[in-house]
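*Asks:* Here it is: the structure, laid out below.
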């Protein structure tokens, strides 16, 4: 039986299409924003926007504490009442974390005399906590159409607001992001029967620590993924300048389209892969192998087309971004290896190896960030920084593959 037949049988391809549309709309946001900024403003402003995005990302990682990832696992393990209680505790923890960050960050912003509209961004992590958790629930319940509607609401709202305000620069991104997330959260509240706002409190609950530790188990991985791109952006801005970061951001944004494709694939195949793994039989595991092989073929074709079309697009419409065009192939290559790792990691998560995966990701990208720091101190060369990124993406993939092969050998299934 071919991998394609298996995908059609479940039917995963239909889900991939729907999730692909929903994720495509969501990921269109940073893509459209960066390209509009690149066309309308200087590369320096593009670089500044990039730094703001990665800063909001790290704050969101801290506040959300991987609630969505924990939910995707525990949804299949707990009874409904237990899951509801845990979700309310998780959101209470996130609210507490958000308030603590406000206490720390607001005085810094006041001291630095930052423009008032930047304060709006401090509410983004809290909104994202609720929306990502609710979307994870829809995924686990296989409510693909509701998932798609929620993403459409966010995307269309963002694009309309951004189109109205884009000449205002950074402010247009901030307002569009917050309005889009707010309307999405309102819609998701109507579909989410698992969370009760009346039970979300600031005062820590009895089981708050135990619930928080579940998310913290994924934190090394979340920080590791952020280091892969976030730390790299800060280093490039510091050593090579914000203008160079703007050139870098344009090429990376194109390559990131492949990540949305693998995200759509993961959203579709994770429930099916987990179902096959639950049986534990050799036959079911072999089916998973075939799904993997077909998925990798799709990823390779997608990245190849992405590089070709992206290069042509930059050549035709963004001649002043010559560096972006020249480094695009490196960015796409790194994204391909990252995407393959993301697909394979799902099996390790199900096997209870989340902490091991987190260690792999964190260690790899801490070393990567350290090496990039040294490279920039010695050579101050963007190409070498990106090649280091590719090398460690390959290293991570090899580590994940080796662990899966070892596990299969122990159970005599390859």
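Every residue gets a Cβ built from N, Cα and C, even glycine.
Pulled from TrEMBL, these are the listed features:
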- 24-42: transmembrane segment (TRANSMEM)
- 48-70: transmembrane segment (TRANSMEM)
- 91-110: transmembrane segment (TRANSMEM)
- 116-138: transmembrane segment (TRANSMEM)
- 147-164: transmembrane segment (TRANSMEM)
- 170-188: transmembrane segment (TRANSMEM)
- 209-228: transmembrane segment (TRANSMEM)
- 248-270: transmembrane segment (TRANSMEM)
- 291-314: transmembrane segment (TRANSMEM)
- 326-345: transmembrane segment (TRANSMEM)
- 357-376: transmembrane segment (TRANSMEM)
- 382-406: transmembrane segment (TRANSMEM)
*Asks:* Given the cut-off of 8 Å on Cβ pairs that are 6 or more apart in sequence, determine whether the transmembrane segment (248-270) and the transmembrane segment (24-42) share at least 3 such pairs.
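*Replies:* Yes; at least 3 Cβ pairs under 8 Å.
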*Asks:* Which residues of the same chain, at least 6 past either end of the transmembrane segment (48-70), have a Cβ under 8 Å from a Cβ in it?
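*Replies:* For the transmembrane segment (48-70), the sequence-distant neighbours (Cβ-Cβ under 8 Å, at least 6 residues beyond its ends) are 30, 33-34, 37, 87, 90-91, 93-94, 97-98, 101, 105, 121-122, 124-126, 128-129, 132-133, 135-136, 170, 173, 212, 214-219, 222-223, 226, 229-230, 233-234, 237, 242, 245-246, 248-249.
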*Asks:* Suppose I define contact as three or more CB-CB distances under 8 A, residues 6 or more apart in sequence; do the transmembrane segment (24-42) and the transmembrane segment (116-138) meet it?
*Replies:* no
*Asks:* Counting only residues 6 or more past its boundaries, what in the same chain has a CB within less than 8 Å of a CB in the transmembrane segment (209-228)?
*Replies:* 54, 57-58, 61, 64-67, 69-70, 74, 86, 89-90, 93, 338, 354-355, 357-359, 361-366, 368-369, 389, 392-393
*Asks:* With a Cβ cut-off under 8 Å, give me the same-chain residues at least six positions beyond the ends of the transmembrane segment (326-345) that come close to it.
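*Replies:* Those are 228, 247-248, 251-252, 254-256, 258-259, 261-263, 265-266, 269, 292, 295-296, 299-300, 303, 306-307, 310-311, 314, 357, 382-383, 386-387, 389-390, 393-394, 396-397, 400-401, 404, in sequence order.
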*Asks:* Sort out for me which stretch, of 91-110, 116-138, 147-164, 291-314, has the most Cβ pairs below 8 angstroms to the transmembrane segment (170-188).
*Replies:* 147-164
*Asks:* Could you tell me what the rest of the chain brings near the transmembrane segment (147-164), counting residues at least six beyond its ends with Cβ under 8 Å?
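*Replies:* Apart from its flanks, the transmembrane segment (147-164) reaches 18-19, 21-23, 25-26, 28-29, 32-33, 36, 131, 134-135, 138-139, 172-173, 175-177, 179-181, 183-184, 187-188, 191, 267.
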*Asks:* May I ask for the residues of the chain that lie six or more residues beyond the transmembrane segment (116-138) and have a Cβ under 8 Å from a Cβ within it?
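*Replies:* Sequence-remote neighbours of the transmembrane segment (116-138) are 52, 56, 59-60, 62-64, 67-69, 71-72, 75, 87, 90-91, 94-95, 98, 101-102, 105-106, 109, 144, 146-147, 150-151, 154, 170-171, 174-175, 177-178, 181-182, 184-185, 188-189, 191-192, 194-195.
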